[in-house]
Amino acid sequence: MMAAMGGVIFGYDIGISGGVTSMEPFLEKFFHQVYTKMKQDTEVSNYCKFDSQLLTSFTSSLYVAGLVASFFASWLTKSRGRKPSILLGGGAFLAGAALGGAASNVYMLIFGRVLLGVGVGFANQAVPLYLSEMAPPRYRGAINNGFQLSVGIGVLAANLINFGTEKIRSGYGWRISLSMAAVPAAILTQVTGINVIAFYAPLLFRTIGMGESASLMSAILTGAVGIATTFLSMVIVDRVGRRPLFLVGGVLMLVSQVLVGAIMAAELGDHGGIGKRYAVAVIVLIGFYVAGFGVSWGPLGWLVPSEIFPLEIRSAGQSIVVAVSFLFTFVVAQTFLSMLCHLKAGIFFFFGGWVVVMTVFVYLLLPETKGLPIEKMGDVWREHWFWNRVVVVGGPGVGEHLPAKFGEGGSQSSVVDL
């Protein structure tokens, strides 16, 4: 549970940015141009009210820092162990939370996000590895999925705090929201389109005409759905396996995105909102989308990479996983509001297309790994119809393939030959 608090840190940071960027006092202080467009410009399209590269930089700067930090985390995790990386991640996050809460200008705000990114980069690299390595094979899926459950808890906590601090009349509620990120960090110190929903859900709900408070409440509801379905994934992943959950979740996500895009394309023009019934339908469908993610790509996206690498390259492999994740998260976070402005409702069809690609990849190329000891994972790849062309039979990196004579007085040259 303590190690999985790294997930709470990540989730809180994901959820908090979307909430504070929908708060009017925050926008008025740091992003006045966006505030003006939202409040006074009646000519601007619904889809373009929040289109600001500076605003998206506030969200996405964390992921650039996390990408870079993950490579340093690889060296530290391998040379010093998992625990120092986890502790360093918590310390960097404490500093970032303090700077963000005390920010007096946009530069302090973004630099605080960069420090948060350093913390998340170290934590996300080390925590899933630690969880997979210490777990018994029969429970490895459930224990590792605890990381994503913690992410969901962090997102929900952030949305609840945003909902409360938005009501503070003096307008400093956003400072409390940003500073509260220090709580999970203090405890820790012992790409699907879902990030769009997590980052910008309140802005998306405001786009379809909801008020400030209603949009934050809607984000809370979808966050709660994410936690419930991730917990369900923890319960069943070691029984039904990884592949079925990936496939079912992918289908549910695709259908939800297509329907949301269709409703918005048909009902939401450049001005005005959509009817109450359609707004409720959008919220429900996004809830189904989050449910599909929570049972599949959310937790399994951390579980599967953490269990498939041989020991010699496990730390480096996990760093590549985290770096790629941060790279695409940065791209999504930085471009989404601009894409929303230009593609409008088509943005949901765009992400739906990527879900199709991902689901087909799983169906064709991902072997099942449930219940398999982490030391024997190499066998899965050698027996797979496609990957057996890449993996050399008897190659290095898997201990059970050491020659029998090495354990029976064989010469040291056996190791060199191997």
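The backbone N, Cα and C atoms fix where each Cβ goes, and this holds for glycine too.
According to TrEMBL, the feature domain 'Major facilitator superfamily (MFS) profile' maps to 1-418. Here TrEMBL flags 54-73, 85-104, 110-131, 143-161, 181-204, 216-237, 243-266, 278-300, 320-340, 347-366 as transmembrane segment.
The stretches the transmembrane segment (243-266) and the transmembrane segment (347-366) are in mutual contact, each linked to the other by at least three Cβ pairs under 8 Å (pairs 6 or more apart in sequence).
Residues 3-4, 6-7, 9-10, 13, 17, 57-59, 61-70, 72-74, 76-77, 82-83, 85-86, 88-101, 103, 143-144, 146-147, 178, 181, 185, 188, 302-303, 305-306, 314-315, 318-319, 322, 325-326 of the same chain sit 6 or more residues outside the transmembrane segment (110-131) yet have a Cβ under 8 Å from a Cβ within it.
This prediction places the mean pLDDT of the domain 'Major facilitator superfamily (MFS) profile' (1-418) at 80. Using the rule of three or more Cβ pairs under 8 Å, pairs at least 6 apart in sequence, the transmembrane segment (278-300) is not in contact with the transmembrane segment (54-73).
Through the fold, the transmembrane segment (320-340) approaches residues 47-48, 50-53, 55-57, 59-60, 63-64, 66-67, 70-71, 73, 117, 121, 124-125, 191, 193, 195-196, 199-200, 203-204, 207, 301, 305-306, 347, 350 of its own chain, all at least 6 residues removed from its boundaries and within a Cβ separation under 8 Å.
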